[in-house]
Amino acid sequence: MMQWRRMEAVVLLVLLGQLASALDVPLDLSQPPTITHQSPKDYIIDPRESIVIHCEAKGNPHPSFLWTRNGTHFDTDEDPNVTMKPHSGTLVVDISREKAEHYEAVYQCTARNKHGTAVSNNIVVRQSRSPLWSKERIKPIVVHEGMSLVLPCRPPAGLPPPIIFWMDNNFQKLPQSSRVSQSLNGDLYFSNVLVEDSRNDYICYARFPHTQTIQQKQPITVKVINHDPLEERKPTFLIPSGPSSSKMVLRGQVLELECIAEGLPTPEISWSKRSSVLPVERTSFPHYQKTLRIVNVSQSDEGEYRCTAKNRLGSAQHAIHVTVRAAPYWLAGPPRNLVLAPRENGVLTCRAGGTPKPAITWTVNGVPIENAPKDESRKVEGDSIIFTEVQTDSSAVYQCNVSNDYGYLLSNAFVNVLSESPRVLTPSNKVYQVIKNHQALMDCASFGSPVPKITWFKESRSSTLDGDPYVVHDNGTLGIHVAQVRHSGKYTCVAQNFFGNYENHVYLEVKEPTRILKQPEYKVVQRGRSVVFECRVKHDPSLVPSTTWLKDKEELPEDKRLTVESDSLTIADVTEDDAGVYTCIANTTLDRDSASAELTVVEATPTPAVAYEQPDAPTDLELTDLKKRSVQLTWTPGDEHSSPIQKFLIQYQDSLHHRGHWHNLTEVPGTKTTAHLKLSPYIHYTFRVLALNAVGFSRPSAPSRMYRTEPAAPDENPTGVHGFGTEPDNLVISWKPLSGLQSNGPGLHYRVMWRRKKVESDWTSVTVSNYTQFVVSGTPTFVPYELKVQAINDHGAGPEPDVAHGYSGEDLPLTAPQNVRYEVQNSTLAEVRWDPVPPREMRGILKGYKVYYRREHALHKHNPHHVEEHVLTFSGNRSHGLLPGLRPFSRYAFNVRAFNGRGEGPASSTHRFETPEGVPGAPSFLMVTDPNPDSFTLEWSPPHERNGHVLGYTLKYQPVNNSNEVGPVMEMALAPNETSLTLLNLKYNTRYKFYLNARTGSGEGPAISQEAVIIMDEARPVSPFGNLSSSVGEEGALISWEYWGSEKNVYVEYIVENSDGEDEWQKEFVNGSQNVVLKNLKGGLSYRVRVVASGHRDQPLHHSEELLVKFPAVASRQVDIATQGWFIGLMCAIALLILILLIICFIQRNKGGKYPVKEKEDAHTDPEFQPMKEDDCTFGEYSDNEDHKPLKGSRTPSNGTVKRDDSDDSLVDYGEGEDGQFNEDGSFIGQYSGKSVSRDTGEGPERSEAPSPINAMNSLNSFV
């Protein structure tokens, strides 16, 4: 008995484990690592590219990664070529500086966090290889006709192995057949050779797929010698040799058996299996029956296979014994993650198959389980680990390793011990749409620990959905095998476990199917004519259909002759290429329908040219087979005008209800002249017919005679029946009335019926007419009712109406929420909880709860009393809510009220709570006062919002240069009672920025900032302006300046000099530039001008020095004498006379006598001004010293001076205080320069003078 109980417990644990394994732990919850992506076990890399070894994992906390290489730790930080991607374990190896073969090894990745360790497979990294073909000299092969031949390929061993094919020199594949074929190893086999096999370009090619390179063997020459007559022989096998052979293949791989025979004539190969048949679905015979290929090998494929080679001279057989072995494989999938609640039970199962039977080993967090820390809740039994009453510290990652001689499987599965209330992972308010009569599936993916139980409800939650037609699947999905329109609506899934429950709402919409009502029909059309295929679609109104046309199951060609409309396809000027099958496909997002028709094109009959026109109107309309609800209409078509009639449109007019309005009734093909029309009662019908051809519609026919259908009882009832209350004691029943066409007769009225739901009572009814609603008074408050509205006329009642549902009026809730409590989360957030109001006391549909809360006062003695009322609304059936945005260090009062569609119920008792301290607000103000050459005084006020006890202030300040670059920060801690501070030893002419914030026990609050500049002296503050200047032009006064301040608002002010004190300064804004033109200045006035920079309102203005600008008066317009012709002529004449006079003087000088220096010195004492002598036209200071000039070509001393001799008439006397200097041609330049000579007088240094006649003479001398 104990053994049976133990087996039952194990089975139960397995079931629980499988159920728990279906849970996918949300990543925001704590969980051990899970490897999500890794490189394959056998990883072949391209040696030309960087090596990327993948290892990705998830977990919470996010795991860290380590690697081993060939079983030892691989420190990726020490290898400069290896980098690990951020937040990942993936390795990237740069092989640009190292050969790829250096990194060929076995790698394993480990991902770990505090909950466990996951490991990857052993990743064997090998580089692909495409070695060159060895050089060899191949002798020509000579063979007699009819003999067998084998051309060896023997490609170099590559990784992976190459793909072999034979081609000629022109890169054309060599033809193969049952006589000539390629074997599995790449050799080319000839069962017998023919003379035409002689050629010198049999070339074997090897394509290495990983590197996409192709190599070729040296060409082989084959010469076939004619041997007549040919000697026939029976088959013998070239491969395999002997009567039998064996072959081993692994389960799941491809079995390829090969038999190639020689003989003449060419043998035929056939295959069979002893005592069994070949699996047809998995078997093929490539290479002209010489290969037997079976894919996805299983154990049943083991046995003896026989190949038979046969020609007319005999046969040969070979037996191949096939053995199937199996690398390990999962029997029911790898172990699955296990999520358990504390003290729950579970099981991890590692069940695998293989041949031979594989061995199973377990590790925990990468450590063999026998060496891992002992866990009393864990017990290993064969291929399973059973967990009993797990604890929180039982979380770990378990590795299951299954191996045999042919491979291994490694799988990670974690055990995560959590206590978590349910949550539904399916998006809320998701809408599912299905087609009527199809299966509907609505998800309720959930997570919780323990595993939540899923329950489904519809609309009013009267009962759970667990019976026909509903099916609740194990994963929580709700299914309906055959969905109907009545199944549409709102569904609620509830996930519940020990820690709580969670609701989620989804919606199901059942749509009408898409159907093609008017299908395309078979057409026979003459070439050159037009054809129309119709395709009218009926679909659900809420779905948008799209129509697609195909020709012979392919897209329509791009052709202007094809016109696709919403319900037709028109082909103009038909050709023979248009013949085929045309398919109309109507698609919606949920379903589709299709219909096809064939088009046959025939040769056109030669006819004279005709003009196509619209058809004539049909005639001779006649009504026959008159019945209450139908009639037959016949007519005679009009002239087609050489264009066949495609269809007829039948319209009707209702003279009783809509006289003068024609409505489309139906259409019939153009080949018919009779239509059977379905009619409605109580309508006065008149019919007419229109014909349509390729040109268009005809004129309407003459109306038929009137046909009056007899009245009848209504065929339908009003729709949109609703019940609701406008007062606590009434029920309003409303509906959509029938139209006159739907009434089917006179005297239309309605029978309104109602009764209490779930109460055995008779229907109460009342008859009304010309109304769309009825009010039932005296009803109980908010009770459910069943409603019906039936249409009735003078000829009877309509069909039995469907039952609708509604509620009488709501009233205010009777009671307040109970058990109100709170929890202060932090200084600005509190959570409020309450017990919901019972439904019977809600007296209406619960809309939600409102929390009224107010701040009564702050807890700080400096803060005044506050009463701020707030309301937060929590919609739906809530039992808790958060109050955000609270003020720290304050006292709050609150109450909770339920509300429904009528209004709010009574308030709960008032509760009060206090919020803890928070960080304070910024100080109320920060001012800079008493600026001095090296100090500032700062004044401030405590924050308006202290949010607690202010423990002090932090002052930070730093200098700022003209480029707005900041310097080092100085910081000071200040006492809470300080409101001013004087900073000493500051740098003058420096701008400083100050930051001040207050702090409480919760931390520092935001800072208030201020800027100020140290003044240069006590009398004059430092100005950020410089180089202020002005210039006056025709457009106005241009004011320019330099500015290095931080304020962005800069403008120019100006005012008339000596103006009254009442005059205001005028402003001119500059928009960021450093100059401006003042255009509004008045002539003849002087203005005081200054530049101003303004910052914030609480900062002082910065002014430049004032500048006095004189704006001249505008002179009256006068004639400019300089522009008059007579004046210009006069001046030219004077200039010419002066020039002549100078020339005469020059000539006289060359002819005239000498004037000693003594005479010059006695005559004048002022060398800077000598009047011209009138008698000889010479200048008083000038002396003709031609006799003393050096000869041309003579040299002056190297210092540029002329040595004084004994003569008093020395040239040095005419210098400028130094030895006289000469030009390059030897001419003297000391006396004749245009500059005055410096003397020892009070006139100061040398000054520039106006040009003199001496300069003019010097100019003339330079030309002589």
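Each Cβ is built from the backbone N, Cα and C atoms, and glycine gets one as well.
TrEMBL labels come from automatic prediction, so no person has curated them.
TrEMBL lists 1-22 with the feature signal peptide.
Mean pLDDT across the domain 'Ig-like' (33-120) comes to 91 in this model. Taken from TrEMBL, the feature domain 'Ig-like' applies to 33-120 (among others).
Look at TrEMBL and you will find 131-221 (among others) tagged as domain 'Ig-like'.
TrEMBL lists 235-323 (among others) with the feature domain 'Ig-like'.
Among the features that TrEMBL reports, domain 'Ig-like' is placed at 328-416 (among others).
For 422-511 (among others), the entry in TrEMBL reads domain 'Ig-like'.
Sequence annotations record features per position, and here TrEMBL assigns domain 'Ig-like' to 513-600 (among others).
The annotation domain 'Fibronectin type-III' is assigned in TrEMBL to 617-712 (among others).
Here the domain 'Fibronectin type-III' (714-811) has, by DSSP, the following mix of helix, strand and coil residues: 4 helix, 47 strand, 47 coil. According to TrEMBL, the domain 'Fibronectin type-III' annotation covers 714-811 (among others).
What TrEMBL records for 816-918 (among others) is domain 'Fibronectin type-III'.
The residues of the domain 'Fibronectin type-III' (922-1019), classed with DSSP into helix (H, G, I), strand (E, B) and coil, number 0 helix, 56 strand, 42 coil. Look at TrEMBL and you will find 922-1019 (among others) tagged as domain 'Fibronectin type-III'.
Annotation source TrEMBL lists domain 'Fibronectin type-III' at 1021-1114 (among others).
What TrEMBL lists as transmembrane segment is 1126-1147.
Residues or ranges marked as region 'Disordered' by TrEMBL: 1157-1264.
What TrEMBL lists as compositional bias 'Basic and acidic residues' is 1157-1176 (among others).
According to TrEMBL, the feature compositional bias 'Basic and acidic residues' maps to 1237-1249 (among others).
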Work out, from DSSP, the number of helix, strand and coil residues along the domain 'Ig-like' (328-416). 3 helix, 49 strand, 37 coil
Given 235-323, 328-416, 714-811, 922-1019, 1021-1114, the one sharing the most C-beta pairs under 8 Å with the domain 'Ig-like' (422-511) is 328-416
